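Data block below; observations after.
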Amino acid sequence: MKNLLKRSLTGVIYVALIVAAVLAGGWWFVSLFALFAILAINEFANLTIAKNGGENVITLISDIAGTLILFVGLSCVNIGLLTPHTTAVLGGTFFIMYLLYMVIRLVMQLYSQEPSPLASLAYSYMGQMYIALPLGIMSMYYTLSDGAALLLAMFIMIWLSDTGAFLVGSMIGKHKLFPRISPGKTWEGFFGGILFATASAFVMKYGFGIYFESIPLAALCGMGVTVAIFATWGDLVESLIKRTLGVKDSGNLLPGHGGILDRIDSLLLVIPASLIYLITITLYI
């Protein structure tokens, strides 16, 4: 019971912070998800680079710096946090700084005494692609019509997809979806997740239609299907990483939930997939 209360309280706080940051936008959005990015990169480094004997303070600082440059740079440009002139100047500056990080991180390995310097470098670059880049482009939602509402809808669809998969899978799940990586997932749960995410589109469109005027119901339902599919893949990707490295959770930061990476694993694949879907849809509606 005590663990359930901890898990529930942590979940409520986590959801409340995300909802508040998404709706507030601006620097509130940047601050919260920059923190998530830092924590996730730190956990990823502990799982991968440290396991190969290559993690040190300088490596971690350089990877966090690269993450912040990419995330803050993309967010400033997409959300319009700065004046147009400043954005134009800093946009190129952030890009150059990020390229500089990539070069510095490569050169660092020449002086490394690590047992597997190339593996350490590969994990650092993987962390940038897997964590920093998806979180960085999330700010592109704010460039879309009804962007804040669609971004919040994306999170709600992820959460409902996860809930639907768990409930349906627990009740009638028999056929394993991916037993090699995640023995608990079933096809029934997978389709339950799609059903819950798609059903939420109806609630959003008919209950809160004023916030979703730019997107028809069919397109919003399609977004639900897209989110549910890639949320499942996102969860499976992190399961593959943890199973390969022989760990259960990415960390213990969130009581009852593991680490921050365990909470955002679905998000990391959903962000690019849903953005591509929505941008494509806008070409035809």
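Cβ coordinates come from backbone N, Cα and C, glycine included.
As annotated by TrEMBL, transmembrane segment applies to 12-45 (among others).
Residues or ranges marked as transmembrane segment by TrEMBL: 57-82 (among others).
Long-range neighbours of the transmembrane segment (88-108) within the same chain, counting only residues 6 or more positions beyond its ends whose Cβ lies under 8 Å from a Cβ of the stretch, are 58-59, 62-63, 65-66, 69-70, 72-74, 76-77, 82, 121, 124-125. Taken from TrEMBL, the feature transmembrane segment covers 88-108 (among others).
The transmembrane segment annotation in TrEMBL covers 120-142 (among others).
The feature transmembrane segment is assigned by TrEMBL to 148-168 (among others). With a cut-off of 8 Å between Cβ atoms, the residues of this chain six or more beyond the transmembrane segment (148-168) that come close are 15, 18-19, 22-23, 25, 138, 141-142, 185, 188-197, 199-201, 204, 208, 211-212, 215, 220, 223-224, 227-228, 231-232, 235, 266-267, 270-271, 274, 278.
Annotation comment: TrEMBL describes 189-208 (among others) as transmembrane segment. Sequence-distant neighbours of the transmembrane segment (189-208) (same chain, 6+ residues past either end, Cβ-Cβ under 8 Å): 149, 153, 156-158, 160-170, 173, 177, 217, 220-221, 223-225, 227-229, 231-232.
Taken from TrEMBL, the feature transmembrane segment applies to 214-233 (among others).
For 267-284 (among others), the entry in TrEMBL reads transmembrane segment.
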Exercise. When only pairs 6 or more apart in sequence are counted, do the transmembrane segment (267-284) and the transmembrane segment (57-82) reach 3 or more Cβ pairs under 8 Å?
Worked result: no
